[in-house]
There are 2 protein chains.
Amino acid sequence: MATDNQENSIGLKQVWSWLISFVICTAKDAKKLGEEDPRRVIHSFKVGLAITLVSLFYYFDFSYQGFGVNAMWAVMTVVVVFEFSVGATLGKGVNRAIATLLGGGLGVAAHRLASFAGEKIECVILGMSVFFIASAVTFCRFFPKMKARFDYGLLIFILTFCLITVSGYRDDEVIDMAQRRLSTILIGGCATVFICMLICPVWAGEDLHKYTASSIEKLSIFLEGFGRAYFQVSNEKNQENNVASLDQYKTVLNSKGIEDSLVNFAKWEPRHGKFRYRQPWDQYLKIGSLSRECAYKIDAINSYLNSDAQTPVEIQKKIQEPCTKMSTECSYALRELAMGIKTMTCSLSADIHIVNAKASAKKLKSMLKNGRPEIDLLEIIPTFTVASLLIEVVSCTVKIADCVHELGSKSKFKSPDPVKMKKQTS
Amino acid sequence: MATDNQENSIGLKQVWSWLISFVICTAKDAKKLGEEDPRRVIHSFKVGLAITLVSLFYYFDFSYQGFGVNAMWAVMTVVVVFEFSVGATLGKGVNRAIATLLGGGLGVAAHRLASFAGEKIECVILGMSVFFIASAVTFCRFFPKMKARFDYGLLIFILTFCLITVSGYRDDEVIDMAQRRLSTILIGGCATVFICMLICPVWAGEDLHKYTASSIEKLSIFLEGFGRAYFQVSNEKNQENNVASLDQYKTVLNSKGIEDSLVNFAKWEPRHGKFRYRQPWDQYLKIGSLSRECAYKIDAINSYLNSDAQTPVEIQKKIQEPCTKMSTECSYALRELAMGIKTMTCSLSADIHIVNAKASAKKLKSMLKNGRPEIDLLEIIPTFTVASLLIEVVSCTVKIADCVHELGSKSKFKSPDPVKMKKQTS
């Protein structure tokens with residue numbers, strides 16, 4: 001018995017210590033999540049506030065038999081519609097409101113149509129209309145354009161239509177029910193939208209803007225460190241720390257999903273703050289796609305960074321200077337472009353760096369044109385492949401710069417400060 | 001007046017013709033969507049059927065005052081839970097059921113706790129509990145692991161908790177309400193799951209399996225056509241048709257999102273059909289990531305396919321054979337691997353092709369080792385870059401093959417048919 005008790009207490013202690021370590025782990029993760037983006041904490045409290053306000057409104061109202069059961073639609077609307085960014089919230093809210101209106105209207109019509117028929121046929125008509133409308137609208141959700149912007153609306157349309165058609169109430173009751181449902185949804189939706197927009201709003205458009213700039217910056221970080229890392233690594237092979245910090249560009253490779261959804265949300269947002277003009281959101285998609293193209297090339301370059309191939313020192317010395325120059329000039333140009341996007345200024349110094357990068361590429365080419373190496377081709381190929389890929393990166397940078405300039409002219413970026421310009425060029 | 005009428009009728013005619021062309025356009029798009037994947041049409045009818053059945057059940061039941069208003073939860077469950085694949089439907093269904101149970105339980109507890117207090121304090125306790133639970137659970141939705149698998153459950157948890165806590169009913173009524181809500185959700189959920197699983201089920205696991213195979217196949221299509229296209233294009237420059245068909249690999253570049261969500265759904269699915277064993281879904285993610293890595297290299301190669309650089313004929317002739325051989329052997333190996341995944345057979349002939357590809361790479365390397373070209377480096381660099389990237393593609397193919405073999409051993413692929421094997425090797 002004593003040993004049994006001992007075993008039990010040991011088991012309990014294990015469970016207890018496991019539980020404590022789990023809680024500590026979760027708390028650490030939560031702290032990290034909150035520190036990464038404090039807006040997450042604020043968003044959580046905003047949701048709590050909105051739900052509490054609507055709940056209490058409903059709670060007190062219920063005592064006077066005002067809204068009754070329908071009022072839970074208000075709470076439900078807040079829970080379901082409140083999203084992280086204003087755009088996503090507005091998108092869902094508008095979708096929900098319009099879909100409820102249309103679905104409710106069509107439902108009332110179907111209900112009235114069916115009520116003209118006899119009791120037996122009524123049931124058949126209702127069943128058939130629910131079947132066909134639900135099937136047709138479900139199929140509509142497969143259209144890519146509908147899926148991107150109105151998926152939630154189509155869902156709510158089916159829901160409202162079915163609930164009203166099959167409610168089994170009398171005609172006047174149905175209209176009364178549809179009205180009350182719509183008004184409660186409006187109350188919930190308005191509370192959500194106001195709290196979302198007025199207390200520390202998170203704009204998807206701004207996030208997209210920053211995300212695009214940071215993608216370009218990540219490419220620039222790789223290119224800045226690359227020259228040093230590549231030529232030193234093959235000389236010294238002890239730059240592990242240096243190489244690790246170059247991996248940031250990898251997140252750009254899979255950026256399409258995030259960008260697509262941010263653009264989709266941003267399109268729902270009204271003009272605000274620095275986005276006073278009709279923002280050309282699709283231009284951000286173009287820049288994103290070019291950034292990814294550049295990242296693919298950088299990924300190909302990166303695989304040579306870690307290879308063991310030894311290039312003869314003489315060749316390496318010869319091309320080290322133009323290659324490093326190309327890479328760093330591209331890096332500066334990209335950083336300028338990223339800064340330009342961040343501060344919404346037309347960056348002119350990016351063009352200077354691009355001209356420099358192009359000049360280095362030309363220099364490298366002419367160097368190669370005259371060079372007739374007396375060594376094994378095999379040994380020099382990896383290095384020359386890197387050089388060739390760098391030339392491709394230069395042309396990619398040019399494309400990105402053009403695209404960013406187009407964005408600048410479309411969304412009316414500020415002209416650069418002439419005083420600052422002078423300092424930079426001098 | 002006459003001209004007014006004429007103008008009106010012309011305006012009407014325009015609207016009418018626009019409407020007709022819109023309808024025709026939509027019908028064509030719908031036909032294309034249906035032909036691309038007929039399961040979409042079947043899915044739409046399945047959703048229609050499920051909603052109709054549950055609606056009618058509720059309609060008749062309502063006449064006898066059985067379920068009452070709560071029954072609409074059943075219809076709502078069907079509309080919201082029914083997804084395209086079994087995995088997604090099960091995931092949402094399980095999330096909804098468990099979240100309703102937990103949220104309801106906690107809601108009843110909070111309700112009882114508050115009812116012990118006086119009427120004034122009750123309201124404060126309820127409001128605070130709603131605020132803190134809603135905020136905390138909303139924050140939980142930011143944890144990446146929770147978001148991937150339990151996002152919907154967390155939403156429903158908040159919803160149920162708030163509805164029950166703030167319902168304002170008496171204690172016994174609340175329990176009754178929670179019970180009824182749970183039972184109607186179970187009815188809706190069961191109807192959904194049965195119809196989804198029994199009528200032409202769409203398994204996310206199978207889709208993932210096919211998608212992985214087709215990604216590898218797309219890489220193989222590029223590599224098969226590449227040798228011919230590259231060396232002929234730079235000779236003849238009139239292979240436009242040929243080049244266009246090589247672009248299929250581009251969908252692989254952005255495959256991460258689709259693969260992640262399919263794996264997420266597949267994990268909810270029970271074992272079935274050919275997936276009798278515990279399927280290593282994460283292995284598919286590894287294969288997908290390697291396929292993308294290979295696709296990045298292919299993208300870098302592809303940019304040289306369309307460049308205007310002219311390589312001297314003598315050099316080109318020299319490396320044409322090993323390059324084409326490398327590319328086609330990799331292509332055959334990848335095709336074999338894709339076929340192996342599709343038919344769930346351990347493909348041994350892929351290894352033979354890989355050995356051939358490696359041999360060609362070696363041959364090319366030794367050819368380069370001995371070659372001391374008497375021409376401009378600049379002219380040969382693009383071609384040698386392509387060759388170097390092809391060597392990288394070979395090592396990528398080796399990695400993919402290893403990963404596919406690992407998948408084969410983990411999910412017990414069939415051994416190849418010895419008769420067929422003999423035919424292939426002879």
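Counting begins at 1 with the first residue displayed.
For all residues, glycine too, the Cβ spot is worked out from N, Cα and C.
Features of the protein shown, as given by TrEMBL:
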| type | residues | note |
| --- | --- | --- |
| TRANSMEM | A:41-60 | transmembrane segment |
| TRANSMEM | A:72-90 | transmembrane segment |
| TRANSMEM | A:97-118 | transmembrane segment |
| TRANSMEM | A:124-143 | transmembrane segment |
| TRANSMEM | A:150-170 | transmembrane segment |
| TRANSMEM | A:182-204 | transmembrane segment |
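Between the transmembrane segment (A:124-143) and the stretches A:72-90, A:97-118, A:150-170, A:182-204, it is A:150-170 that has the most C-beta pairs under 8 angstroms.
Tertiary neighbourhood of the transmembrane segment (A:97-118): same-chain residues 125-126, 129, 133, 152-165, 167, 171, 174-175, 178, 181-182, 185-186, 189, selected by CB-CB distance under 8 Å and a gap of 6+ residues from either end. Here the transmembrane segment (A:72-90) has Cβ contacts under 8 Å with residues 39-40, 43, 46-47, 50-51, 54-55, 57-58, 96, 181, 184-185, 187-189, 191-193, 195-197, 201-205, 207, 264-269 of the same chain, all six or more residues outside its ends. If you look at the transmembrane segment (A:150-170), the same-chain residues 6 or more away from its ends with a CB under 8 A from one of its CBs are 91-92, 94-96, 98-100, 102-104, 106-108, 110-111, 114, 126, 129-130, 133-134, 137-138, 140-141, 177-178, 181. Same-chain residues lying 6 or more positions outside the transmembrane segment (A:182-204) and placing a CB less than 8 Å from one of its CB atoms are 39, 42-43, 46, 49-50, 53-54, 57, 67, 70-71, 73-78, 81-90, 93, 96-97, 100-101, 104, 262, 265-266, 268-269, 272-273, 275.
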